[in-house]
Amino acid sequence: IRLSSSMIRCLHYRLSRSFTTIEGHRPTIVHKQGLDILHDPWFNKGTAFSMTERDRLELRGLLPPNVMSNEQQIDRFMADLKRLEVNARDGPSDTNSLAKWRILNRLHDRNETMYYKVLIAKIEEYAPIVYTPTVGLVCQKYSGLFRRPRGMYFSAADRGEMMSMVYNWPAEQVDMIVVTDGSRILGLGDLGVQGIGIAIGKLDLYVAAAGINPQRVLPIMIDVGTNNEALLKDPLYLGLQQHRLDGEEYLAVIDEFMEAVFTRWPHVIVQFEDFQSKWAFKLLQRYRNSYRMFNDDVQGTAGVAIAGLLGAVRAQGKPMIDFPKQKIVVAGAGSAGIGVLNAARKTMARMLGNNELAYESARSQFWVVDANGLVTEERENIDDDAKPFARKTKEIGRQGLKEGASLVEVEMGISAIAIRETICIFFQGNIGLGTLLSGSRIVSDGMLQAAAECLAAYMTEEEVLKGIIYPSISSIRDITKQVAAAVISEAIEEDLAEGYREMDARELHKLNKKLVSTTRCVLQDEILSFVEDNMWNPDYPTLIYKKD
């Protein structure tokens, strides 16, 4: 049999690689036995401990005698949730969803591996419980729901101490941080310290969907106070009982935080989550060229919107390269709306040649409408970020309307997709994984655009012509592999990639053999294998006890 050079490289890669973010089936050394290991959620297997492990770890007699498989454990857990649904008299409700969240959270507290097994197996069902919409209710009630800490809390009261307190976190390596200041949680507004729930839920989905190692993620809350008067009057509120810092005082806290986390973990990726609009853009511009960071609301939401827009072009039977010919109206001039505008303009400009003329041509394709109507140059108090998209008033003229004109019925052919889950699972986690594995120094616009284009290209022509713009989250792990590989490829093309562990930049370049296609995201098997082999999977390792 004659092997092609591509097949030989792929075989050599698989046989010789020594790099991985996961433990696979290699034994794991532990320094605990008996009840101590049963009380450690990372190592606890519950009834799945084999009899030989029970002897090695002094667990015999501490567990029921029946050794259960992973599938049996999942079935037992699912039976508990099903009983909850059967007993719920009112059917689906906030109370029922919160009860499911409690059950899942308790599983997370005692057996992390099983928690993520359940989440991956039932991602379509439990993503809305772990994240939005249920997580919004969790954040609102967080002070009352709090039982044990998860993540870290930095506050205005910690100024001058952050550089030392960051070492209180036990993990020597952190790959990804999701941080919030609680100022704009979902559509619920200022929830103060209770916003930590959004960071916890988002990272849980990144672990399940993108294969980020859960031992190397860190949810963080930066508490600079709250302007929510109800919380300030609540004696049970867990955060600082003060109004929010602003201006230079606020920036000083965020600056100290960023310096602290990147001093301890120089290669960590920090995602800013649910910061109010006045700070979202400012902090992004302040840090994006110095640190590996990105903003969920400005860039993440925009990326998924771009993928949808490109998919809509394909749904018209046109190639994605026709995107610059589209005319787009954006409803809303907040951080998400302006983020979409900027990303769409950059994507158009990139397709038109990425020069000044291309940017100006792209800008003319957008109209912004807010609560006061079309944003024009004559409007007073226009947000600085919206000014580049303000239309000239002279463009607006009177149009005749024929009296008695017949109404035209328009059928929307786009499939209804749960965009909430799409935004948080399909994009940011893939950006994080791709940035991590490329070792990119920053998260560039090109990397974000490559991810959006790959997501848009994931669907087959037949699916797109049926109006299916976004893929089903049931195939999330394959989507992650494709999109993360596209991010890595773009980082290499932009000469930003510095490699990951034993896979240095030179070796990454050898893997980066991208096949050009105007409608599909096509990459060689080598780089896809690299991504897949470095995605964490919730498998129980064999545990070996060793004294300290």
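Glycine is no exception: its Cβ is also placed from the backbone N, Cα and C atoms.
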TrEMBL records Glu273, Asp274 as divalent metal cation-binding residues. Which of Asp255, Asp297 is assigned to the same site?
Asp297
Name, in the order they occur in the sequence, the residues of the same chain whose CB lies under 8 A from the CB of Asp297 (divalent metal cation binding site) and which sit 6 or more residues away.
Arg184, Phe272, Glu273, Asp274, Phe275, Ser277, Ala280, Ser335, Ala336, Gly339
Among all the protein chains here, how many other CB atoms are within 10 A of the CB of Asn430 ((S)-malate binding site)?
29
What does DSSP say about Lys202 (active site, proton acceptor): helix, strand or coil?
helix
Relative to the mean position of the Cβ atoms of Glu273, Asp274, Asp297, the recorded divalent metal cation site, which additional same-chain residues have Cβ within 8 Å?
Thr180, Arg184, Ile185, Ile198, Phe272, Phe275, Ala280, Asn295, Asp296
To the nearest Å, how far is the Cα of Tyr131 (active site, proton donor) from the Cα of Asn430 ((S)-malate binding site)?
17
Whole-number Å distance between the CA of Lys202 (active site, proton acceptor) and the CA of Asn430 ((S)-malate binding site)?
13
